[in-house]
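Novice: Okay, handing you the structure first.
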Amino acid sequence: MYPKMKNDLILRAAKGEEVERPPVWIMRQAGRYLPEYHKLRAKQSFFEMCQTPETACELTLQPVTRFKGLLDAAIIFSDILVIPQALGMQVVMLEQKGPHFPKPLVVPEDIDLLEKTPNISAKLGYVMDAISLTREKLDGQVPLMGFSGAPWTIMAYMIEGGGSKTFAKAKSWLFRYPEASHKLLKIITDATVSYLIQQVYAGAQLLQIFDSWAGELSPEDFTEYAYPYLVRICQEVKQHLKKKKRDEVPMIVFAKGAWYAIDQLCDSGYDVIGLDWTVSPKEAVRIRGNRRVTFQGNLDPNILYGTREIIEARTKEMIQDFGGGKQGYIINLGHGITPGVNPDDVRFFLEKCHQYGSA
């Protein structure tokens, strides 16, 4: 049994309960903007850090320790690309460039080279070990979040071989090989469902699905190639936990750039919808109507490079525009924090979230 929770604010907010203030955490809060991250990074490669439970645990705890009492969640230090690795693909992290697949998928026949039903607990056991260890070490300070990438985003990486400006290779699959695209998306979805369930068994108390490249799709293509798989993940994870008589775990979907899908996502079964900074909070609240869905976001991460006056003003305005945050709102950035941000400015932002969220 894990230690009793001292702060369950984000769990209550995610379920739509009224709270004393909106909880706050930051996407990529364990990462490159922290000097203590670089001390560990100097000793190990990126994926070695992910694969060493003690290191992943230490990295997860770094922001919680540094900003003691200011963050309302920890998110396990890992990467969305562990799923392609579990499916048998090689992924390396290149300095300054990001992820690189030496042998990306080129034609539909390449799907046959994948390990279609991998043993997730064997392949990604190190993530579960990191989650269990972190849950113990957190000692109930804040809930621990697990995560995965969304099928379309994972597929895009597997075909592009890394990030891309145009996603021409991945999108051409959708328009040249629609059947093979669905076949690949199904393989990724099945592995992801299994992976998320294992994370809950290991101790994850919330789950976030990152659809980082959702905004590359038109509304029609999102509806065909992204949305159904996001819904399946949510349904299958929740159904499995219910069947096993496990506590329900709130699920968050973050489809970056898919502002056109807010209405759709409000009906997707996810408890929380992450919004990026291109979305007007007031408009999102209007679209949601009286549906019991919590929003998460959505400050432009680059505002943290701004003056203290602007950080404060924009934070206050955001909380007010989401309705004050006492119900249906989790404060976050509209995307991951960037490496050049000064941790002191992060502390200032978090303090202002507490100040205006409690008002």
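Cβ coordinates come from backbone N, Cα and C, glycine included.
Sharing the features that Swiss-Prot gives for it:
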BINDING   Arg28, Ala30, Arg32, Asp79, Tyr157, Ser212, His335  coproporphyrinogen III binding site
SITE      Asp79  site 'Transition state stabilizer'
Novice: Given the binding-site residues Arg28, Arg32, Tyr157, Ser212, and counting only Cβ atoms in the protein chains shown, which has the most within 10 Å of its Cβ?
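Specialist: Of the binding-site residues Arg28, Arg32, Tyr157, Ser212, the most buried by Cβ count within 10 Å is Tyr157.
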Novice: Determine the C-alpha span of the coproporphyrinogen III site listed in the record, that is the greatest distance between any two of Arg28, Ala30, Arg32, Asp79, Tyr157, Ser212, His335, in Å to the nearest whole number.
Specialist: 22
Novice: Same-chain residues six or more away whose CB lies under 8 A from the CB of Asp79 (coproporphyrinogen III binding site)?
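Specialist: Correct list: Phe46, Phe47, Cys50, Met93, Pro99.
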Novice: What does DSSP assign His335 (coproporphyrinogen III binding site), in three states?
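Specialist: Once the DSSP labels are grouped into three classes, His335 (coproporphyrinogen III binding site) ends up as coil.
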Novice: For His335 (coproporphyrinogen III binding site), just count the other CB atoms lying within 10 A of its CB, please.
Specialist: 23
Novice: What number of additional C-beta atoms lies within 10 angstroms of the C-beta atom of Ala30 (coproporphyrinogen III binding site)?
Specialist: 23
